[in-house]
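Chemist: Below you'll find the structure I mean.
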């Protein structure tokens, strides 16, 4: 009896492992195929490979609309990331440290942009500016991206903020530090992992946004994803696969690099600090 | 005279949340309110409408079965996607949680990496797998199993597959977070009381992880039902979902009042699902899930 039970458990565990492996393959197969195909010598985007070639990368580097879209997206993402992080940090500071009326409602409202479908957010803002007769501008697009990224940044910084004990700040205040310097000297350094994490996430959310950008971009402006979308309407060329590969390198490389820098930073700091730390 | 501030003064709190509050009011609350008002505007011709109030848009929406069909199809696709995510996502989440493998973080990182990769790219990359010249067809042709490429792209299955690819990490992380919250001594206790590992799973682990599963289901359902890009890239015209309908009504037909009506409908429908969910589960689980 006991042996059979054990056998049953092992069988279930194996099934779990098997499905897990399948899911990982499922997640990475299309990405791997895209990277491989970007080196295809053939004119047509698809298997079988006819040879190894870097020509599509060369074509890409000479493709002015793509480069313009890349620059646009990069700027938007950098501004979005910086502003959203700043807003997010003060917001979660207020939400964690203070008691005020309407706090609960506000914290629900803050995560709403992550739950409302982008199409609705997109149409809503368009209808609003149409009602007050305003044009679509870059500022609008950036503010829209900030709206989309804010919930994630607030959630990340909030989670970390909860773990920083307020007595540290209060000690600084009681020793005569100003409120701002106690925040800058005590809270912010402890919050750094969440700040960097939030900034990276905001960058990716903005750089990657498709649906809402389709509604909000000013006439004639393409961001990277909308540019890809319009290229896909024409054909699936190996050039798109090359573009995809470059994007994968950028969007995976930057956060990984950021994470590594972060890790070595905290390690350096740990060395200089006493062991006791806020959770 | 200096103003008196107390240590955790609510006035200071309002000052701190002012930027986010303004942003939310002007970019979220106000747009939705104006959109709701727009549903009663009169459509004249493409791009032109008057503020003469009418219920024509709502009348058209409620009487034309075309819209109801679209909505039902969208909800059906969303539900299928969410359920598939739940079934397929639970296993990896459980595996990562229960494994004795030392580098758990690596398994989690591998799930987060696809989050970073451009959504548009991840979606179109399925064409390289499912297309006529995709991996599957070429391999099957080469092996002589089929003589004609299988039509796997531009149908509802491809759309669901694409959304599954996009949403699975959400589900896995949601379930994983709620599994992490379980006190492992409870399971040891169940085992020491004579439960088999399967019984311990059924009686302890599974029920305690249900909030995460439910949050994941809601998130996947809402995001799938609101999607626009995936049906556009991987579906045929017949596989368009409600998001595509809204986009075409606004950007194609320039029928803003109808577009607003459709948006409000989708907002209300998905919102009521979320409301029912929070009524039973509370908001905190979604917050945990989104925060990773």
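Using N, Cα and C of the backbone, Cβ positions are placed for all residues, glycine too.
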Chemist: Pick from A:43-61, A:138-156: which range has transmembrane segment per TrEMBL?
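Modeler: Range annotated as transmembrane segment by TrEMBL: A:138-156.
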Chemist: Labelled transmembrane segment by TrEMBL, one stretch among A:74-96, A:212-234. Can you tell me which?
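Modeler: The listed stretch tagged transmembrane segment in TrEMBL is A:74-96.
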Chemist: Top stretch among A:12-39, A:74-96, A:188-207, A:240-262 for CB pairs under 8 A with the transmembrane segment (A:138-156)?
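Modeler: Answer, by Cβ pair count: A:74-96.
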Chemist: What same-chain residues lie close to the transmembrane segment (A:188-207): Cβ under 8 Å, and 6 or more beyond its ends?
Modeler: 73-74, 76-78, 80-82, 84-85, 88-89, 145, 148-149, 152-153, 156-157, 159-161, 164, 168, 224, 250-251, 254-255, 258-259, 262, 265-266, 277-278
